[in-house]
Amino acid sequence: MLCCMRICVCGDEGTGKSSLITSLVKGVFVTNKIQPILPQITIPPTIGTPENVTTTTVVDTSAVPQERSNLAREIRKSNVILLVYSDHYSYERVALFWLPYFRSLGVNVPVVLCANKSDLAADHTETQVIEDEMLPLMSEFKEIDSCIRTSAREHRNVNEAFFLCQKAVTHPIAPLFDAKESALKPAAVAALQRIFYLSDKDRDGYLSDKEIKDFQMRCFEKPLSEEDLVHIKETIQKTHPDSVTPSGIDCRGFIHLNKMYAEKGRHETVWIILRAFQYTDSLSLQESYLHPKFEVPPFASAELSPEGYRFFVNLFLLSDKDNDGGLNDAELASLFAPTPGLPPSWADGSFPSCTVRNEAGHVTLQGWLAQWSMTTFTSPKTTLEYLAYLGFESSDRSNPSTTAALKVTRPRKRRKRPGRVGRNVVLGHIVGAPGSGKSALLDAFLSRGFSTTYHPTIQPRTAVNTVELPGGKQCYLIMDELGELEPAILENQAKLLDQCDVIVYTYDSSDPDSFAYIPALRAKYPHLEELPSVYIALKADLDRTTQRAEHQPHEYTALLNMPGPPLHVSVTWSSIQEVFVHIAEAAMEPSTAFPRSEEDVEGKWMSWGIALGAVVCAGAAAVMIWRRVSGSGV
């Protein structure tokens, strides 16, 4: 909110500056002699004062040379300048002296041009003055926001002149309209195009009558009458007859309507629309709207809330114009039209190849939701930013922010404690020797075909998909191959333990030198022991070979007291999907993927001993019975 607006009244001597101020304060023309420079006055808000103005300070100035330093100081302190002229000479001085002088001071404030003493120019009509005097100046000097004819003697348009000054600050024309080109500026057009897109709820390219009425309520908080609706359509049809159809008003007509508002001095209407959609004076979205406060505690994570998932589901369904169950390039481009484009992290992650696609290569609904689940997990601020760009509206009155689309999971500090973690999105890092099959594992995760060509992974690669757990519950599993960043990621202990839910160790069971990479890696980064782990022997369709390592894989995992030996699997087998379930379960129930404690091992040996004892006893009893039966038969 603007706590105090300063209006600096400038102009040649004798143009009636002080009389205008006095007439504003008194409400009538003062015939008595007025002092050369009035002291500054502060006026409270009145009816018609913009809502975000609390008080207005009006400063009188003198044009005499000895007051030039005071004049410059007041101009620099002002929010708007009311430049007054009253005859041909003072009018000529507007372009020759005053406006160049303002520019020389380096000020960037709007100027309201005021033709005072209109009672003395009865032979000039309003239209003549505007066309002959004001419009040429406005086309030459962009800083002129608006113009008005006044008469302090007749108290004509005095209040309106100062009201225009207030409006020039709260609803400036300069960011919206180029008077010289007689066109809306590109930034204004872009903002209005986004507003049209968000108001077109069914994405058919037209604002229907209902959508226009909903738009009216959102922006102006009052209903639109049928007569006003008809008038709007007729106004557009006069210059753009093709923009009004039975389906509604198209974007071209909507932009033209706002251009007309700006041309006719009704740019306040345009600003009301822009601010209803969270735009600032610089035509950027408000920072607090794009980046609301949202904290994720250590060992917790961010996920989409049910309302967030609903929003992205509806957005997908609206954007899938051909109803083929996938978003093609054109549909994605249309969907992201009100945004700066794809999130940078998506481009870096080779979207859409990192998520689920159909046979045509188009992102499916499953892949779309998985991608946003991953984005929210890794960068909740990105999701919040794009929720704002895409027009998310919270249904929660207690939380109207975009943060209503997200939720924070409970921190998981003690992963070795039995039980599930309270999250639906988990992250697993895949590590292993070069050529062990990590990339093929990611391809299989996304149901991609197996390729026999080996391409070493340089840049990190990520894949995300849903996994159905035993019992029918689903979770989103993010898996990434670290590439050249593996050392940097693994040595950052704090970040690794905070973000990673499971570490997946892979080796090529047909390569004798593959497994040795894993013990060496764990020795180099001992904090990996604090993460749940899954060991996978890939390429099981090939001949298994003895590993050149201190311990064979099954011996190594046994020495660690892991719950079981490495999983043997091939990405060419249909059973590969069970591996992803196993990985997801290890992340969701981390206690099952840690080395067993001595108590667990002793308990297992005891249960084996009891079972073995029972078998021995049963066998001995059977022998005794057989002997007795045999003896009785002799």
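A Cβ is built for glycine as well, from the same backbone N, Cα and C atoms used for every other residue.
Keep in mind it's a predicted model, so treat the numbers as computed, not measured.
Feature annotation from Swiss-Prot assigns GTP 1 binding site to 11-18, 60-64, 116-119. Its Cβ placed at the centre, SER118 (GTP 1 binding site) has 21 other Cβ atoms within 10 Å.
The feature domain 'EF-hand 1' is assigned by Swiss-Prot to 187-222. For the domain 'EF-hand 1' (187-222), the model gives a mean pLDDT of 96.
ASP200 (Ca(2+) 1 binding site) has a Cβ environment of 21 other Cβ atoms inside 10 Å. Taken from Swiss-Prot, the feature Ca(2+) 1 binding site covers ASP200, ASP202, ASP204, TYR206, GLU211, and the record attributes it to sequence analysis.
The domain 'EF-hand 2' annotation in Swiss-Prot covers 307-342.
All protein chains shown were included, and the count of other CB atoms within 10 Å of the CB of GLU331 (Ca(2+) 2 binding site) stands at 19. Under DSSP, GLU331 (Ca(2+) 2 binding site) is assigned to a helix (H, G or I) in the three-state scheme. According to Swiss-Prot, the Ca(2+) 2 binding site annotation covers ASP320, ASP322, ASP324, GLU331, on the basis of a curator's inference.
Here Swiss-Prot flags 423-589 as domain 'Miro 2', drawing on sequence analysis.
Marked as GTP 2 binding site by Swiss-Prot: 432-439, 468-472, 538-541. Spatially close to LYS438 (GTP 2 binding site) yet at least six residues away along the chain are ILE430, VAL431, GLY432, THR457, GLU481, THR506, judged by Cβ distances under 8 angstroms. DSSP classifies LYS438 (GTP 2 binding site) as helix under the three-state reduction.
Sequence annotations record features per position, and here Swiss-Prot assigns topological domain 'Mitochondrial intermembrane' to 626-634 based on sequence analysis.
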Under 8 Å between C-beta atoms and at least six residues away from its ends: which parts of the chain pack against the domain 'EF-hand 2' (307-342)? 193-194, 197-198, 202-203, 351, 357-358, 360, 362-365, 368-369, 372, 376, 383, 386-387, 389-392, 394-396, 404-406
Least Cβ-packed of the binding-site residues VAL64, LEU469, ALA540 (other Cβ atoms within 10 Å) is VAL64
With Cβ-Cβ distances below 8 Å as the criterion, list the same-chain residues six or more beyond the ends of the domain 'EF-hand 1' (187-222) that contact it, or say none. 175-177, 229, 232, 245, 247-251, 254-255, 258, 262, 270, 272-274, 276-277, 279, 283, 318-319, 321, 334, 337-338, 389-391
All-chain count of other Cβ atoms within 10 Å of GLY14 (GTP 1 binding site): 12
Secondary structure content, the domain 'EF-hand 1' (187-222) (per DSSP, counts of residues): 25 helix, 2 strand, 9 coil
Report, in whole Å, the straight Cα-to-Cα distance of LEU469 (GTP 2 binding site) from TYR206 (Ca(2+) 1 binding site). 44
I want the residues beyond ASP200, ASP202, ASP204, TYR206, GLU211 whose C-beta is within 8 angstroms of the mean position of the Ca(2+) 1 site's C-beta atoms, in chain order. LYS201, ARG203, GLY205, LEU207, SER208, SER247, GLY248
Among ASP204, GLU211, ASP320, ASP322, the one of these binding-site residues whose Cβ has the fewest neighbouring Cβ atoms within 10 Å: ASP322
Shell of the Ca(2+) 2 site beyond ASP320, ASP322, ASP324, GLU331, same chain only (C-beta within 8 angstroms of their C-beta centre): SER319, LYS321, ASN323, GLY325, GLY326, LEU327, ASN328, HIS362
